[in-house]
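Per Swiss-Prot, these features apply:
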| type | residues | note |
| --- | --- | --- |
| SIGNAL | 1-35 | signal peptide |
| REGION | 31-309 | region 'Disordered' |
| COMPBIAS | 45-54 | compositional bias 'Polar residues' |
| COMPBIAS | 84-95 | compositional bias 'Basic and acidic residues' |
| COMPBIAS | 103-143 | compositional bias 'Basic and acidic residues' |
| COMPBIAS | 144-175 | compositional bias 'Polar residues' |
| COMPBIAS | 184-211 | compositional bias 'Polar residues' |
| COMPBIAS | 227-268 | compositional bias 'Basic and acidic residues' |
| COMPBIAS | 274-289 | compositional bias 'Polar residues' |
| ACT_SITE | S418 | active site, nucleophile |
| ACT_SITE | D609 | active site, charge relay system |
| BINDING | D647, D650, D655, D658 | Ca(2+) binding site |
| ACT_SITE | H648 | active site, charge relay system |
Amino acid sequence: MKTRQNKYSIRKFSVGASSILIAALLFMGGGSAQAAEQQQDKGTVENSTTQSIGDENEKLSEQQSTQNKNVNEKSNVDSITENESLHNETPKNEDLIQQQKDSQNDNKSESVVEQNKENEAFVKKHSEEKPQQEQVELEKHASENNQTLHSKAAQSNEDVKTKPSQLDNTTAQQEDSQKENLSKQDTQSSKTTDLLRATGQNQSKDSQSTEEVNKEVKNDTQQVTAKNDDDKVETFNLNSKEEPLKVDKQANPTTDKDKSSKNDKGSHDGLANLESNAVATTNKQSKQQVSEKNEDQTNKSAKQKQYKNNDPIILVHGFNGFTDDINPSVLTHYWGGDKMNIRQDLEENGYEAYEASISAFGSNYDRAVELYYYIKGGRVDYGAAHAAKYGHERYGKTYEGVYKDWKPGQKIHLVGHSMGGQTIRQLEELLRHGNPEEVEYQKQHGGEISPLFQGGHDNMVSSITTLGTPHNGTHASDLLGNEAIVRQLAYDVGKMYGNKDSRVDFGLEHWGLKQKPNESYIQYVKRVQNSKLWKSKDSGLHDLTRDGATDLNRKTSLNPNIVYKTYTGESTHKTLAGKQKADLNMFLPFTITGNLIGKAKEKEWRENDGLVSVISSQHPFNQKYVEATDKNQKGVWQVTPTKHDWDHVDFVGQDSTDTKRTRDELQQFWHGLADDLVQSEQLTSTNK
């Protein structure tokens, strides 16, 4: 509704002292009148907002209530019926009627009424503080009779419709009474001159103090109202749960009710002025609590993650890799070392990522099965046929699952470092084609079979990325990995850390390399010594050899719907004899293997990163590859340029002594990798 222009006529008011109020209203600003009009429209909803104003107005109102409480009592009783018919004529008449009816309830004695009436008449006519006194009166009436306002307004509207003739009669009476009372005011003014001198100074100070407080409260109220106008729906919903009767919650329904008045600055300021002058009945901290609560809830909403990648990134560690909760104390954090936490940094920069926790020394097959259950959740089932073939237990640990809804159409990015690159290739092969041996075994022997071994689960992997992965094996494992001394070392380590009091988990419990609760240490050592693991090909030591890698290459294939990419490093230099020698900044434990690989008979295998030859890390020999460009491709290995002076652990930041490879460089590398994965989703998302 549009705000109506307020018009005043001396002929429209009743007899008695009501004319005194009319004279006072003429001194009041248009803003207060408009505020009263909107207050009438808003009803009890808007009146409730006055309860959140400060303690200062309450004290000032109590000081002045004894002087302004019962103004115009006698005349109000005589003219209340006529004034009701004028309720909807002008906003000023509405305020007058309400003041007349409200004051009727507070009439204590006729003598007090007469005295206060005389005092107030003189003050309204001659004092410069009349507007402030009238505002205080409005404050009191608004707080005491806000519940009866609507019912009286409805009654007055009905009277206007049914008795239009009362308007003319009342107008005539008001004109006569106005003339009579103007003369009466002159005679009464002399009686109150002395009283004014005694009280005028105090009233002036009180009014000035009231004005300053009202300005401050008004500004606070306008700020709260303006804030809720911008977020009216959201703020209302938040406050409705825990703050049922506060300023923020009241402002929004009112705004919805009268949208045009929100855009009217004059009306808005008038309403704020009325609220600021209302009697405060609660602690003024309530408004501050509402604001603080809204701010906290907004911040909580802003913290909700919107990841850049649609498909989660799964980081898969390599041989002798651990997560922090199960690693030996001598080892550093796998993904980032002392430089940074790669997964956490990706998360903080908008990429959803997880660190897989699988066997440190297990075979690619066993690790792939564990990786499936790490993502999907559930108890690891290595398969009945596989367990019978290699002589270990069928079931392993139970995973909670980081992506329980993982299924065809719900894809993931697999990123593997070192042996982890082989493991993720094995997993993707099982998803698509399953394990025919397990299917046949189940047909013959019955029982359950894992969905992983049944195959037919294509369209679950978006990309496969490998970092320093020995796709074709490594001379390090050929020459050292299967030597008796190396196996003995692995046996001793497993024996030491496999006791029941150790938190270290090598992921070989299904092989028996974990002390049982009721088993003595001597019994445990004998069992570990007799384990078939040390002679089995179902282990990481075998799969890292060139023969083991070749076997994996024959069993796996490229998926035409997956983006493949490899990253390779080297940290050796050529000698005069044509060999490759480890660089000075190579990770110290790898200098032995780096120099050993650098002396290989095959010249093309000599350049290496300390553990893996460059030629083995680029792509499987039997699978198609291209040089990587800015444009991603599916179904082919995309080989990125070799990173010089990068050894095997520089991709994961484990060498804290290498000053050439900085934290910023590592962070930049991973941000670029993650961004490339997001771009690859444009190619693979069409298959969802």
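The backbone N, Cα and C atoms fix where each Cβ goes, and this holds for glycine too.
What you see is a predicted model, and the numbers here were worked out from it, not measured in a lab.
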(request) Determine which residues of this chain, when D647, D650, D655, D658 are set aside, have a Cβ within 8 Å of the centroid of the Ca(2+) site's Cβ atoms, and list them as they appear in the sequence. (result) S571, N585, M586, F587, W646, H648, V649, Q654, K660, R661
(request) Based on Cα distances to S418 (active site, nucleophile), point out the closest of the recorded positions D609, D647, H648. (result) H648
(request) Measuring CB to CB from D609 (active site, charge relay system), give everything in the same chain under 8 Å that is also at least six residues away in sequence. (result) G468, T568, G569, E570, S571, T572, F590, G594, S617, W646, D647, H648, D650
(request) Across all the protein chains here, work out how many other Cβ atoms are within 10 Å of the Cβ of H648 (active site, charge relay system). (result) 31
(message) Please give me the CB contact count at 10 A for D647 (Ca(2+) binding site), counting all chains in the structure.
(response) 29
(message) What are the sequence-distant neighbours of D658 (Ca(2+) binding site), meaning same chain, six or more residues apart, C-beta distance under 8 angstroms?
(response) N585, F587, D647, D650
(message) DSSP secondary structure for H648 (active site, charge relay system), reduced to helix/strand/coil, please.
(response) coil
(request) Would you mind checking how many other C-beta atoms are within 10 angstroms of the C-beta on D655 (Ca(2+) binding site)? (result) 25
